[in-house]
Amino acid sequence: MVPTPTRGGRPCCEHRWREYVNALLLIVATGIPWRSLPHDFAVTWSATHKHFSRWTKKQLWGQMLTILRAEDRVHDGRDQEPTAAVVDSSSVKSTPAPGERGFDGAKKVDGIKRHILVDTAGRLLAAHVTAANVQDRAAFADLLTKNPCPSVTHVWADKGYTGQAPATAAAAAGIELEIVSGPKPVGGFVVQPRRWVVERTNGWINRHRRLVRQYEATLTAHEALAILSQIRLLLRRPDRHG
């Protein structure tokens, strides 16, 4: 997983690569600005940001998540790749910083929307970030293109994924899309069958302070940090990574 060194510049040992990743995990967990990275790190904030951008472009985070997720599933006695998944979205307010955004009329949120696909235990499979005004059914096809597990043949979703567009996207990917209707609400939060795991994953993501708002200049950067938050979660599980 160590990236191939580029020509020129200072040589980078494995220890320094680890420091870059540790710095990024700190940023996503605490929400500190890039320039506020503690000076006791062996790497600078500018170099950390440069490598984050470079590795995001190379889709390194998704590759890392795939390895850790497979390892975690095997630890739990499951196959490396899932056959079923759950989809959902969550709208996030944007800061005044420049960047793409939209208004989610249903949630009354001016910002972005995270669309996520998880396995039946809530482990992240794929993330796709759009402006908040993009409907779930419109983003579903793009989310499926980022799913690294062709073994998935069944996806549970809520009523936001009804209509022809999601059905067509699911059929093209060889997936059966099942719309879950929960019990009639009696006041407050109501747990929906199958879908509660994706709500929990949204909660895990929102525990990372860098992700409770859209602070990034691009949607791609926010998406990468969302994946990093789940890498952090898997790395912190005891007795699972040697």
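Yeah, the Cβs are placed from backbone N, Cα and C, and that goes for glycine too.
All TrEMBL annotations are machine predictions without curation.
Features reported for this protein in TrEMBL:
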- 6-64: domain 'Insertion element IS402-like' (DOMAIN)
- 76-104: region 'Disordered' (REGION)
- 81-227: domain 'Transposase IS4-like' (DOMAIN)
Counts of helix, strand and coil residues, the region 'Disordered' (76-104), according to DSSP: 0 helix, 14 strand, 15 coil
DSSP helix/strand/coil residue counts for the domain 'Insertion element IS402-like' (6-64): 38 helix, 0 strand, 21 coil
